[in-house]
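Listed in TrEMBL for this protein:
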DOMAIN    87-513  domain 'Major facilitator superfamily (MFS) profile'
TRANSMEM  139-159  transmembrane segment
TRANSMEM  166-186  transmembrane segment
TRANSMEM  192-212  transmembrane segment
TRANSMEM  224-246  transmembrane segment
TRANSMEM  252-271  transmembrane segment
TRANSMEM  343-361  transmembrane segment
TRANSMEM  373-393  transmembrane segment
């Protein structure tokens, strides 16, 4: 007997499943508020070198003081990282003149002055993470995603070993504790460490929420539940734009995006452990208790489990898995058999490409001619119709084709903006929004697709492994922006190439449309 047969008896998508999905969507909202927080947490406002002894220039305006103290770019803007060692008074007569001595230009010696019209404070202004320290500013996002990467390995294994619900609770608690510690950081080192640990905790949330909900839903509603859960990521995207607009001080911004995790911890009380996982691990009595609760809540009061039926079901349910109670699997199991090895290698490449291109676009809010807050909100809202479209498409065309083409089209949109001249801001913004839609469609599909590719006994290990590879992509994405010092368009060319190549790999994966979730490794092979 397959688990889907039991779901037909107790109701595969009723009030019980709707309640679970709604509760699991709460932490899902919170995820993008942390994963994309770097856009506002580490934003660098316009700045220039601090000018010493300004009181000596009592007869000059502030603009004139900057003119004689700071070199200008060709477009007339003041340089951010250089100053004159001596005032260049002759520039007051003609600002287009060159400095009298090129050796008089030096790096900032007395700190920086920041424009606080948009941000009260960010970590960039707090610890002067500009100019020579710009790499540390970008590394803040990398530290976070390194934590997410480590958490994927840890929670992927632990949730297969000790259960989905317990590890989800642990990950939420860790997220709250380290998120609040991040807000209280008094040094860059403390922030880097606490943000890394916050990433570890949130990785568990990201990893467990979707499979826990999917394992309670029947085949017919599996796609719907996956898309529904994913839509709440987009809601979190839009909420981040609004919260960041209202809270301009980075300490309180961290508090604002971490606080909702407390509500998720409270609501988790009503979410049961996955009955699939309980059965696969020999805890059949506990699984039956949750199944009875599900049946009663869904109005299937005629569903009863007598001792004889319980024994009969136990024997038959255990036969569908090739796992004996007490036997454990590890990440090595993903590569032991041929078919599973191919799935693991290909899905890992796809996840890397999806995350690398998604975060590459999401962390470049100022590159498309819109304000940061509007870009964040538009990027969030465009994801919802993209997900709706994918709900129809993955059920008609299939998972494999959708996964491949959405990722390839993401890369092509990124590449198109390399060619389109920057003065065409409207066209660049339209192409960027289209690319963001395709990128989110690829992310939505890959979560659903991957949870269907791996068997129950290895599902969380598989999700942990692919999430690990994805977070490597997420960790590398912000650092690629530093390549603009080599060539201005090199970051976009890199994102485009990786997306197209990894999208092509998706054609090598098997189709899972209308296929029962595999229970054991033998079902895969």
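Glycine residues also receive a Cβ, built from the backbone N, Cα and C atoms like all the rest.
Where the annotation comes from TrEMBL, it is an automatic prediction and has not been curated.
Long-range contacts of the transmembrane segment (224-246) within its own chain (CB-CB distance under 8 A, at least 6 residues past either end) are made by residues 13, 17, 21, 24-26, 28-33, 36-37, 39-40, 209-210, 213-214, 217, 253, 256-257, 372-374, 376-377, 379-381, 383-384, 387-388, 390-391, 440, 443-444, 447-448, 451. Contact between the transmembrane segment (139-159) and the transmembrane segment (252-271) is absent: fewer than three CB pairs lie under 8 Å, with pairs separated by 6 or more positions in sequence. Ranking 166-186, 252-271, 373-393 by CB pairs under 8 A with the transmembrane segment (192-212) puts 166-186 at the top. Beyond the ends of the transmembrane segment (166-186), by six or more residues, the same chain brings 27, 30, 34, 151, 155, 158-159, 194-195, 197-198, 200-205, 208-209, 212, 251-252, 254-255, 257-258, 261-262, 264-265, 268, 271, 273 to within a C-beta distance below 8 angstroms of the stretch. Beyond the transmembrane segment (373-393), the same-chain residues lying 6 or more positions past its ends with a Cβ under 8 Å from any Cβ of the stretch are 32, 36, 39, 223-224, 227, 230-231, 233-238, 240-242, 244-245, 361-362, 365-366, 402, 406, 433, 436-438, 440-441, 444-445.
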